[in-house]
Amino acid sequence: MASGGGYRNGTHKAPSLRTSSSFKSKLPPNASSNGRRTSTIDAVYGRVRVSVRLRPRNAEELAADADFADCVEQQPELKRLKLRKNNWDSDTYEFDEVFTEFASQKRVYEVVAKPVVESVLDGYNGTVMAYGQTGTGKTYTLGRLGDEDASARGIMVRSMEDILANICLETDSVSVSYLQLYMETIQDLLNPANDNIPIIEDQKTGDVSLPGATVVEVRDQQSFLELLRVGEAHRYAANTKLNTESSRSHAILLVQIKRSVPGREADFSAETDHSSHLATNYKPPMLRKGKLVLVDLAGSERVNKSGSEGHMLEEAKSINLSLSALGKCINALAENSAHVPVRDSKLTRLLKDSFGGTSRTSLVITIGPSPRHRAETASTILFGQRAMKVENMLKIKEEFDYKSLSKRLEVQVDKLIAENERQQKAFEAEVERIRLEAQKHVTEAERNYAEALKEEKMKCQVEYMDSIKKLEEKWSLNQQKPTNVRTDGTCITEEVSELKMLLQNERQIRKAAEEEINKLKDEQHKFTKPGSAGGNYDILNLQSMLEEEIRQKKRLEEEVIVLRSQFSQLTMEAGQRTSYLDRSRNGTGLPGLDSLSPLRNLHYKDATYGERSSITNLHEQVGLHNILSLLESEDATVRINAVKVVANLAAEEVNQEKIVEAGGLNSLLMLLSISEDETIRRIAAGAIANLAMSEANQELIMTQGGIALLAVTAADAEDPQTLRMVAGAIANLCGNDKLQTRLRSEGGIKALLGMVRCRHQDVLSQVARGIANFAKCESRASAQGQKAGRSSLIEDGALPWIVQNSNNEASMIRRHVELALCHLAQHEVNAKDMISGGALWELIRISRDCSRDDIRSLACRTLTSSLTFQAEMRRLRIEL
């Protein structure tokens, strides 16, 4: 055994996932002439289905990352995942399924693997694979045996349970091979002596096989579990800083299934009464071959984090190289590259059919919540995103069963010979009977036909004679009236004469009209000829003057357009990121205003840096005073773009002092007070919130009546994004010890509490942050002897809302409210009100169940130091 690794017989623990599939029939049937065929009747295209599974925090992360939020935010109902870049910005990714850390192993199997297992039972190839950083739960998801807890069984165990439940052991067969890819060498886990298995690729079909691997036929679930235990005992594992039992090899479980096709054998079980069937119509019975590949990949790792040394370092290099080769292949397939580097690694050769081949593939990517491993989490997510672009073409693989057909046909031929002799005699007798009966019918039909023909002939003769008589009578009548012809001719002649007269009148009228038109043309010519020269000269002068005016107007308009374009070009760059953020949040937030907690630590990507640079260039080229003057423009679009630019500048700490000195704060407060445009009010409130991050600006905002304006805006606004901006500005002001009394007297606290009517998570988060800041400042003032009496928050009625939201589902709201409760409880004078309001029970819960150690210890310290709380807990018989 290598010094850096070791054998292992154990599993990890992690949560669960789901797969959906959508296929479309593409290809016609196809058969070969060598006695074996691959049926493409059910050939379909299928994209690789990718699910993401989040592991819960382990003990080390609970201790080390207690003060840091998870880098992953899940939206399982939308199948969406957000990866935080910092406290204010995140990237959103969509997968086929997103599982929380609470998902069960059963749901993981039913969503991820069960559709693949069902396809394999139908004759397709299928692959289920787990990919992710070491220690994120891949082996737990796939290979957990569940000896102690049946609900913890992994995909391997549950897959075999379904397969054995859906086959007939008398006619079908299931065989397995269990292998590991260690240091680019394929080893047999069921026979460790077989440690260098070659990969053979069929030149015609492209199928990959491992002829040297041990193949064991499985008849029951218990024997399969014993095989898995033997294989796990021989698999390489080692203890690293990231995982106590880190897999040092890729584990591959191959399951081969042969099934007789249901329904195809009905043709061969015909009884003797089905004599119309011919032997040429028989088709041989079909056997479908399905292959299920379950791959537990070794985890990717960074050496500086895992602490791998010596032989373990070589193992890590080999693992990372094989995973890198797999990533290159998936990139090439996702981009439809002409060359896919399959031969760079044995892992990619083994999985050639799983990505871009004929296998139905389901990929599980496992990630952890720790922000320390954000880079590895991002890499795993991007791997899954690229894999979702890979498409496979699924094909059913079938074989003819000629031996079974031959036996059935021999029995059937004997039955058909006897049946044929019996039916031949019956047929001859039936033919004779039909001949005699037909002859009788022919004779009777001939007699009936002769009689009918005679009757029809007589009838035709009678009708002919009647017609001749009628024609003779009409001819006689016409001969007796010769004058009628002349009379009719005279009438016709008179009508023709009348028509000629009408035509002549029409010609005369037309000639008179033409003469009148000629006269009018002559008069028009005489009228225009005498004064034509002078009239044309005046018209030309007027036209030249008009053209000169048009040219001057056009030059002025071009100058205005050039000046505006210099301003619009730069503001549009900032607006592009604004529109992107609007779409992602279904609102109209501004860059730099997405989070109203302090923004001085906010870092954007290069594109965002380019936008900031454009805003800075605008500020330097146009001048801050000119930008601020546009806030008073009558054009609403110019006003909106101007306030956006000011808000973006205010997001940078270096620009805040310049904005205030140039009167920007006064202009923003004025816009907030007089503007009726909801967009301008929202952006102006966000800019004030950015300026309120500076302690010097906080006092200026208070001095210039900013609290009153923010309170009025909070009362009037209905848009959640506007309320979020206003709440963020007030929350920043609540963190200033010097402004506590004035903040309350001018209605800041009541305005903050009034915004809870919105019930939007982002608004409530800012409200909770403001309450926590205010409670912290009050607690500090009470400890220094500067504050006496009950808390202003309790007097203003904030306690019921605080107690109600102390266990809110949103982590940000819950964290701020828990801090506010702990700070209120530190002042003994608030204890009775908190007990009557139900806050004591929440403090006890926080001291026991809070996920953050600092808040939990603060709650414990507060409860033990308060005499009033101690007396009440003794009365209720509660112990910490």
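Each Cβ is built from the backbone N, Cα and C atoms, and glycine gets one as well.
No curator has checked TrEMBL annotations; they are predicted automatically.
What TrEMBL records for 1-39 is region 'Disordered'.
Look at TrEMBL and you will find 17-39 tagged as compositional bias 'Polar residues'.
Taken from TrEMBL, the feature domain 'Kinesin motor' covers 47-390.
Over all protein chains present, the Cβ of GLN133 (ATP binding site) has 27 other Cβ atoms lying within 10 Å. According to TrEMBL, the ATP binding site annotation covers GLY132, GLN133, THR134, GLY135, THR136, GLY137, LYS138, THR139.
Taken together, the residues of the coiled coil (406-455) have an average pLDDT of 89. What TrEMBL records for 406-455 (among others) is coiled coil.
Feature annotation from TrEMBL assigns coiled coil to 496-573 (among others).
The repeat 'ARM' annotation in TrEMBL covers 622-664 (among others). Across the repeat 'ARM' (622-664), DSSP helix (H, G, I), strand (E, B) and coil residues number 35 helix, 0 strand, 8 coil.
Under the heading repeat 'ARM', TrEMBL lists 663-706 (among others).
Here the Cβ of GLY135 (ATP binding site) has 28 other Cβ atoms within 10 Å, regardless of which shown protein chain they belong to. Take the CB of THR139 (ATP binding site) and look out to 10 A: across all protein chains shown you find 30 other CB atoms.
Look at the binding-site residues THR134, THR136 and count other Cβ atoms within 10 Å of each Cβ; THR134 has the fewest.
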